[in-house]
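Visitor: What follows is a single structure, and I will ask about it in a moment.
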Amino acid sequence: MGLNKYSLLISFISVHLAVIFFAFPELMISVETNAYWIPVTFMFVLEWILVWVYLKGLSFFPGKDLAEVLIQTTGKSVAFIILIPFVFYLLTDVILMSRNISAMVTMIFLPITPLWALLSFIAISIFCAMGGLPTILRSGMVFLVLFSPVLLFSFFSTVNYIDLHNALPITDWRFKFLTDHRFYASMFAISPFLFLGVVQSYHLKLFPKKWHGVLTFIGLLLLFQLAVYIPLLIFSKEAAVTFHFPFVLALDTVDLEWFLFDRITIFYIISVAIFSTT
């Protein structure tokens, strides 16, 4: 059974959703700036430049993944040395993501459950990976369709709780964030594109049509901005900077009397956890 032509694009979006709403808001809010949309936009534009360079380089070796390209161009020994940090990053990312999911689950609705038990999310990731890349890509498509509405509902539910005055000032052209180490720490959020180097053998295009790339750029940039500004608009910078998982806490302040369940945060965490395990 072949892969859908949108499989790679949907996985690209899903991986971004998995990282945007975890440590990224906390790190970005701590960055020294008064207008957060500037460093967020700067960082996201940088990612797209890197994506273009990355894919352009891989295009010279059609049908080959990153490892094969490195072996062909540098030899096995050098390729091994280069790929060690790459593999280490991927493993660390899976572990930290699972750890963050477990911490959020403990914080929100399973406070007495041992953290080690919740780290079973790692086992879920391994189980998905055992099916091979095609299984992962297909799972990503299904989960994105099922859980995207939950994420959108979570965003819209915060509208009545925001204070637009907390967004002021809206400009800060000093670019002091460029000398802030926390800004560079937050750039882990633009690293999901690295997985594109291991799917080249499937001959899938990231953007089947140009307008897909435009819509993806606008949509993901908006989500990056919302991940930072929703906690800021609800709590103000002075309060939000003190929180661990400020975006999750922002959603936890929402009280919907007509909603069947007590907290919408439960559904949000489940949705993001699903994206993380795929």
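Cβ atoms here come from the backbone N, Cα and C positions, even for glycine.
Look at TrEMBL and you will find 6-24, 36-55, 75-96, 108-133, 139-162, 183-202, 214-235, 256-275 tagged as transmembrane segment.
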Visitor: Honestly, do the transmembrane segment (36-55) and the transmembrane segment (214-235) touch, with at least three Cβ pairs under 8 Å and pairs 6 or more apart in sequence?
Guide: yes
Visitor: Go through 75-96, 139-162, 214-235 and flag the stretch with the largest number of C-beta pairs under 8 Å relative to the transmembrane segment (183-202).
Guide: 75-96
